[in-house]
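First the structure, in the form of structure tokens, and then the observations on it.
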């Protein structure tokens, strides 16, 4: 059985390392992924690809170094191996018996790989990007000998930028920045806001894209607002309007119907709370009604209650829907 | 005049022979230029002219002559340095060599610094034009709006490109035709940019009657070539150059064809087979390519080259050294192993290869530090053998620095001949720190760094200034610091004397005066720079540099008023030259003071200070360039990792490889070939150590390609054991870090004597006592308070104390009756306190507006609170003595007396107050304990009072502005009693001398914040022994 598994593994590796196929390989640690990559590169080189024309990208510098070392080790062995051994190796790799030029070509690969123009291109993704930027200083608008900012310096720069902007906002409270700051301080302390800014900075590419899609940040904010309103089925967004809408969610007759339904089926704590809320709402108006309905259908945090009607009651009375009425919009107020 | 011989006279010296000594010996013996010629005597020797590639080689040759002459008096021959294209520093020929030639040339070379600055001006100007052009054309400007710092870096790149182009005598005018039409648009941007060197630069030079350094060199060499072509009455010898630069090649050609001329090539390989030799032109990375090309230019073949008399390696040695070189660098190893019927020759080859490996060892160290240590040990052992010379050769300056540092601790002073970056030298670092302090407006860390530098004296003795600096640190910077600039420091010091709200340390009068004096002197010293930094307008670079130097001098003034120490030594002199250059030539380059630091650092980035003479007579540290033509007894080739030695060459940022080819520029691999040649030459020394580190900075390395070739051959020949070092250098190196025995540290269990244990604590400390007794130990028994970092910003603790202060002050100012405008009263006090914080960003943006919102909420809710209240007291001190004699102290934020004779206790919190459950479970016993004190009459003016409720007021400023919530739903008096009981038990427990003040990490969620900000974590070395959260429940 295990021989079969090995055979299968070998076959999979062979398929994955076939340079003619584009492949996506997923495997557990230690099962030979690097091996597959090395084999694939070797086969490419044997097929006649120039070492300079192969690009390997890895995530870590360790992986890049490891890959390069394994590749060169194999090629070094080929250069000086006795002919018979080399033949077997190549046969296994190429899937066919090697010809004379294959053998001599294989022997030369070591030197060719070592002397590849610009070195073997096995880089980390970051390294590759850095090289690109260095190669095209005018297009990337970066001077050729730049250094990459490390995390600590980046944090210091961000901090200083944050302080500058915040100071400017504080200076002129009527400017756009000042008004934005006024909005922020009502809901956030400085630490939390700093974290928010950090997160936003991390996603600024996406933000730019969205803003461009909507022709601008303000337009986008408005579009988002409209979309949210639509999602929650809310027409207004002033506090009074919300309260009024909340209050009008159930009419008195509907409340009566619900109360009578509860009355006939007894109640658990869930039901009792709903009942109490409904009773409080009936006959009252405006804020009081809204508050009573809130108590009936929402938890203290403003989220919809998981169970408005207890399971037992629902079982016995089928046409009481599980979640009614529709969930409230959680407006900017504390209501 | 004798006709130049058609057949060039060429010699070579193999790497196994020390080049310069062999050369000197041959000349003295009369074997050069013509083998078997007459020995030169005292009068004819000085008429011989010798050309060498570098000045260092010229110096070394002079020494070799003196050694080889065996103590006889000598007048040395004329030895000139040609200046190699690779030597970035010594591009200009010896001034004295060709001093008269300048007049004949009719043009002076532009200096390095003026060239950079001129290029910078062009780049900055171009950035503007490109921008304008793009706006006009309404396309996106690719262009290059660069800051002066970036412009300096670009200028260096352009200068390098120009040097290469001029060196190789390539015509740049075909630049815009290089690229096919599809790529033309992108390429156009580069072409426009390179117009700087194709059009503007030549115009600039012509306009100012200047030539670039390389052009001058080429012209001078051409002059020399022409002069020699007419024939020379005296011997002329060119040695050690591979003639890669066309101008040099022409000179060599002329010399070789002279009747009494000769060219000596370094290490020509005779053993490489002809087929490979012919194909060398396709392999610029091969060490022999340069010389192959030279031979072709000279119209000669390898057969025309002879070993210099006296240098021919004997039999085995010859094969050995050549073999190892070709082995290390030959392209086609296959030939060695693959041919059939080769067994016998293979054995012979193996034998000679084994022979070749004599004296070569491979030292592979686990990390870069171990490598440096091992090399230092090797060098030290060489220093013990009298008369033996040894050198570390490596392009890795970090390795060189480490080795030099280690050798210094062994008592051996060795300079790194490749030089130290200027910013790492003492005066260089000082100038940098001066800028650092100025550009950050004297932020505490930068100012302290400057004051602690050995050159910072300000007219005081070193002891005086360091004391003053430390006093300044203690007095102003180790607390919340909100000052800006030097005036901020004086103000902070003044405030510290008056107002002790949040300052812990205080200075004596004379300390205070000395620090103020220091600040005054700093102001005076920085006056030139500070003025420039304050203004937003642009200044000429000369003005900025002058101010920079002036400030540095004032700071470096010693007790006698002299500041000469700043400019002394190799580094000081180099800086003098640099700064004078900036001041002298920087008149027409403008920049704002803000851009100056980046520009200065960018300019200095590549500058290196080379030591004048070797510090040690027998031990050296060289870069590969300095090592050329030298051969010490022991050579250590260090840092043989790919990426360091050699560094794979890219095509560069301006031109791609095909473009370079079309233009006629040599491929970038040419440098690799030269490097490989250096390596091969170095292998000729009697003893060679090849070293590398397996991991650098935690990342595994790839061995250098030359080492890989060597290793491949060694593996194949089964000779791996031969290159193992005889002595265990790496093991010895690692001995340095080894520890014979290691006992990991345990959790501290301090058991101070009972007399030392605290007999009184405040209620706020009780919580921490429960959570983490070690803190009590450190703070109250050891009396250790952590130092704040230099110049801390106003922090949460300060915010809390401001809020408390305001609420206390306004209560104090308006006792009992509520004022009509509570908000106004609060804000008056608050504004005063906030004003002291100097307008820090977070104060203005967050603290003040948050407090305003809180004040509004407070004003709105206060009337409700005051209903049914007979009086309100703030910051009430109270204490309670327990049965055991322990004294519980408290300062209640606010206590209101109710009509029914009870009290309501308030606590103000700027952060989140504990949740009721935590108070009930007595994880947060502060308020219950205060209630206990109140109930027992511990608050003096109030007498014993029943506590009606305990309330937290949260002054967050968010949402409504504030929040008021009862601390707990349980009855206050019951809770208070329980709290006292628990406290008694805690006291009793710690009254036992056996009870340790341990570090605890309890799992209750109430304690999370306590552990997050444990200030004594480091002292208790928690990270070393804490493996898991200990679940403790002694309560």
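Backbone N, Cα and C atoms are what each Cβ position is placed from, and that goes for glycine too.
Note that TrEMBL annotation is computational and uncurated.
With DSSP states grouped into helix (H, G, I), strand (E, B) and coil, the region 'Disordered' (A:1-21) comes out at 15 helix, 0 strand, 6 coil. Sequence annotations record features per position, and here TrEMBL assigns region 'Disordered' to A:1-21 (among others).
Sequence annotations record features per position, and here TrEMBL assigns compositional bias 'Basic and acidic residues' to A:1-10.
Annotation source TrEMBL lists domain 'UvrD-like helicase ATP-binding' at A:6-335.
For residue A:29 (ATP binding site), the count of additional Cβ atoms within 10 Å of its Cβ stands at 5 [all protein chains shown]. What TrEMBL lists as ATP binding site is A:27, A:28, A:29, A:30, A:31, A:32, A:33, A:34.
The region 'Disordered' annotation in TrEMBL covers A:307-335 (among others).
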Inset, instruction - May I ask which residues of the same chain, at least 6 positions away in sequence, place their Cβ under 8 angstroms from the Cβ of residue A:31 (ATP binding site)? - result: A:9
Inset, instruction - Across all the protein chains here, work out how many other Cβ atoms are within 10 Å of the Cβ of residue A:28 (ATP binding site). - result: 7
Inset, instruction - Please work out the number of neighbouring Cβ atoms within 10 Å of the Cβ of residue A:27 (ATP binding site), leaving out its own Cβ. - result: 13
Inset, instruction - Pick out which of the binding-site residues A:30, A:32 has the most other Cβ atoms within 10 Å of its own Cβ. - result: A:32
Legend entry - Other same-chain residues whose Cβ falls within 8 Å of the Cβ centroid of A:27, A:28, A:29, A:30, A:31, A:32, A:33, A:34, the recorded ATP site, in sequence order: A:35
Legend entry - residue A:34 (ATP binding site): tally of other CB atoms within 10 A of its CB: 15
Legend entry - Average pLDDT across the domain 'UvrD-like helicase ATP-binding' (A:6-335), rounded to a whole number: 81
Legend entry - For residue A:31 (ATP binding site): DSSP state (helix, strand, coil): coil
